[in-house]
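Down below is the structure, laid out as structure tokens.
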Amino acid sequence: MSKATVKKLHWRSKVQESFVPLGAGAGSGELGLAVGGGADYGEFPFVTAAPGGGATVGDIILEIGGTPVLGMTLGDVRGVLNSCPHPIRIKTVFPGLSLCKDLRLYLSKCFTPGSMDSQLQQLIRENLYLRAVPCTTRQPRDGEISGVDYNFVSIEEFFSLEESGALLESGKFKGNYYGTPRPVHIGPESPPITYQEHRNLLRNFRTRSKSLSNLEKAVEEGDNSEDDGAPSSRAPPSSAHRRRPGRVVTGSLSAGSAPPTALPLSQSWDSTVGSREEIENGAGGRGRGRGGAPLPENWELAYSDSGEPYYIK
């Protein structure tokens, strides 16, 4: 008699919401929550102490005040926490097989395009790009600035970074290597980002700082099973198709680039192009438009605040 297959619940069904209470020193504004981990340690942020109750020690912190913090450095997570308006609501989840504290491991997994996990991976990378400049072995293109768009390195330097564990993810695309480095610890010259600054900076990104709730709405209802994701083998990296965002690598909050040229999907090409994940990761080759023709050079698929797809140059 064989046992019936039990479908594991997806981690999003186990998310807990709570409020951060004031600690013993309420008069000084201390919070009853301590945070560890962070992208600069190669981890997701997690609760290290919760003397005021509400959260559980060891839980991964997904959101603070509606702002996603996965992929942020420890200093920036604390900066968002300490500057968030009261009452502070946080979302946490107990680490499991598919969503553990290991940031590099989660980024290496290959999830179904359009799923909550694949969208969350992109959101994590957007947080990483606030403090880390991707590196590549290809030559700079016209208008690209070393240290701003990319750090241009030799193949030997790239492999050295990879072997030392300095890269959170890496891959090869069109004969060139790309990598996302682990952000450095925040120093005195680079103060932590605040709650409002983080929200302003992410306006330049495709997922527009979607909260966990918005990501859940984007996923088809009914698919609530656990998807561990298969580790990818040197898949084309997201950094190969990134756009220059506002970034605080040097500590000062730089303004983002000028708004890109965009075409609503209904006014440009058919939605027969590959999914967002396929286009950005190169899995589907060049996108296809009307009549199966490839998209023009330098055009890619992006998404608006409401989730509407459009093309961007």
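Backbone N, Cα and C define each Cβ position, glycine as well.
Here's what TrEMBL has on this protein:
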- 230-239: compositional bias 'Low complexity' (COMPBIAS)
- 264-274: compositional bias 'Polar residues' (COMPBIAS)
- 282-292: compositional bias 'Gly residues' (COMPBIAS)
- 19-96: domain 'PDZ' (DOMAIN)
- 104-180: domain 'Guanylate kinase-like' (DOMAIN)
- 293-313: domain 'WW' (DOMAIN)
- 215-313: region 'Disordered' (REGION)
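When pLDDT values are averaged over the domain 'PDZ' (19-96), the model yields 89. Remark: secondary structure over the domain 'Guanylate kinase-like' (104-180) totals 27 helix, 20 strand, 30 coil, with classes taken from DSSP. Secondary structure counts, DSSP: the domain 'PDZ' (19-96) has 16 helix, 23 strand, 39 coil.
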